[in-house]
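Per TrEMBL, the features are as follows:
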type	residues	note
BINDING	58, 59, 75, 76, 77, 78	GTP binding site
DOMAIN	1-139	domain 'C-CAP/cofactor C-like'
């Protein structure tokens with residue numbers, strides 16, 4: 001527990017919490033760094049604090065807090081009776097605010113050396129991030145209790161690295177989106193292009209690395225990563241979503257969850273196909289078109305080194321795929 005602190009830099013080093021519950025309360029003007037994974041974390045009655053929380057297997061709950069800037073990765077995010085909380089968030093479920101105002105959300109952008117291991121220990125996927133899909137339990141007619149941070153926001157401008165004189169000076173930290181463990185996504189912001197491509201990786205030995213490689217290649221070329229998901233699919237999901245190609249895909253879902261990346265931008269479909277051929281050579285490409293929709297969204301499936309499919313599908317089918325739950 002951290003309680004009743006003022007004007008200090010405090011927290012926990014990797015290995016100190018090791019999946020336990022943790023409480024932060026009654027802190028004023030503090031820099032708090034929890035570089036470890038936890039079961040749950042509760043933050044009560046804190047004012048003017050900068051907080052970094054490592055991956056949380058369960059919930060993080062902010063109550064009666066004011067003027068907080070934070071970085072959070074969790075299964076469930078909740079606030080109650082809070083004002084002016086700005087959070088760079090990775091949340092596996094829909095974030096919830098209650099009786100809270102001035103809430104601002106951005107996509108998680110953070111790195112420290114043990115963070116990837118802590119995500120795994122907490123049972124969180126770096127690809128399941130609902131940071132912009134906020135549910136307000138207590139909406140006020142004509143008012144907005146929450147908004148999204150500007151797309152240009154940099155995490156270290158909100159939560160600086162630990163003071164060089166602090167006990168955390170040796171922890172190597174980066175707020176560079178290119179080094180972030182969690183991919184930087186556009187989320188609920190308005191897309192600049194109507195053309196989208198959903199690239200799906202089926203489970204394999206290098207699935208995560210391949211997904212990150214594709215993200216790097218596409219964003220370097222100026223395309224936008226809208227959202228990502230890592231989900232398990234049932235045979236009925238495959239048949240409903242992939243339709244005519246379902247039979248040959250059913251066996252693949254037994255190998256583990258799929259990773260889906262939605263990318264956007266003019267020419268994104270051709271770019272995905274080109275990069276897939278370059279980055280994942282020796283592939284076979286089959287294309288199907290949705291006869292009911294000329295401007296249908298596109299589906300690009302990366303199965304393994306030798307097999308790849310491209311399908312043209314209605315956008316509602318694409319969106320449904322991203323919402324399939326484990």
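Every residue, even glycine, has its Cβ placed from backbone N, Cα and C.
Note that TrEMBL annotation is computational and uncurated.
The structure, with features from TrEMBL marked on it.
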| residue | record | Cβ within 10 Å |
| --- | --- | --- |
| 58 | GTP binding site | 15 |
| 59 | GTP binding site | 17 |
| 75 | GTP binding site | 18 |
| 76 | GTP binding site | 17 |
| 77 | GTP binding site | 26 |
| 78 | GTP binding site | 20 |
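Taking every pair among 58, 59, 75, 76, 77, 78, the residues listed as contacting GTP, the largest Cα to Cα separation comes to 11 Å. In sequence order, 40, 56, 60, 61, 74, 91, 93 are the residues of the same chain, not among 58, 59, 75, 76, 77, 78, whose CB sits within 8 A of the CB centroid for the GTP site. Secondary structure of the domain 'C-CAP/cofactor C-like' (1-139) per DSSP (helix as H, G, I; strand as E, B; remaining residues coil): 7 helix, 72 strand, 60 coil.
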